[in-house]
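*Asks:* First the structure, which I've put down as structure tokens, then a few questions once you've had a look.
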Amino acid sequence: MSGRQKEELQDITLLGNQNNKYLYEYDKTILESFDNKHQGRDYFVKFNCPEFTSLCPITGQPDFAAIYISYIPNIKMVESKSLKLYLFSFRNHGDFHEDCMNIIMNDLIELMDPHYIEVWGKFTPRGGISIDPYTNYGRPGTKYEEMASYRLMNHDLYPETITNR
């Protein structure tokens, strides 16, 4: 199999661009995708995003999290630099932790239409409590829908020991 051809990459504008504009307000239009060259195979793609930041919608105080995004691609895949800039756009976005994770998942579903996706946020404690929202999706009417249900019910059977994120 040969590498990517130039025409396959024409919609990728952020990767390799030294003049990217960092947005400080939520903007899903920054997300870019490319074709999955291995559509006949199920496989996971996982992004570990340890520096996510958003704002509490009530107090305006910053919230910090590590976010884990895993998906089984279908036809499209998310380009990682656009994902980085997209996540950065939450910096001044005021929303609850649970909302942020669901917004991220919904935007990625809209962009890629994956077979399966899960987004797990592990937020640092505020007021002595850490919040770890987990959300997932499997394509309805397929084995991925069943997989999503199973993973949701079993996602935290062995919770980690929280010392001090």
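Cβ atoms are placed via backbone N, Cα and C, with glycine included.
Pasting the feature list from Swiss-Prot:
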type     : residues                          : note
ACT_SITE : Cys56                             : active site, thioimide intermediate
ACT_SITE : Asp63                             : active site, proton donor
BINDING  : Val78, Glu79, Ser80, His97, Glu98 : substrate binding site
*Asks:* A 10 Å Cβ contact count, applied to the binding-site residues Glu79, Glu98: which residue has the minimum?
*Replies:* Glu98
*Asks:* Helix, strand or coil by DSSP: which one applies to Asp63 (active site, proton donor)?
*Replies:* strand
*Asks:* Among Val78, His97, all listed as binding-site residues, which has the most CB atoms within 10 Å of its CB?
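*Replies:* By the 10 Å Cβ neighbour count, Val78 comes out on top.
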*Asks:* Near Asp63 (active site, proton donor), which recorded positions out of Cys56, Val78, Ser80, His97 have their CA within 10 Å?
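*Replies:* Close recorded positions: Cys56, His97.
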*Asks:* Give the distance between the Cα atoms of Val78 (substrate binding site) and Cys56 (active site, thioimide intermediate), rounded to the nearest whole Å.
*Replies:* 27
*Asks:* For Cys56 (active site, thioimide intermediate), which of the listed binding-site residues (Glu79, Ser80, His97) have their CA atom within 10 A of its CA?
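*Replies:* Among Glu79, Ser80, His97, the ones whose Cα sits within 10 Å of that of Cys56 (active site, thioimide intermediate) are His97.
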*Asks:* Give the maximum pairwise CA distance in Å, whole number, for the residues Val78, Glu79, Ser80, His97, Glu98 listed as binding substrate.
*Replies:* 24
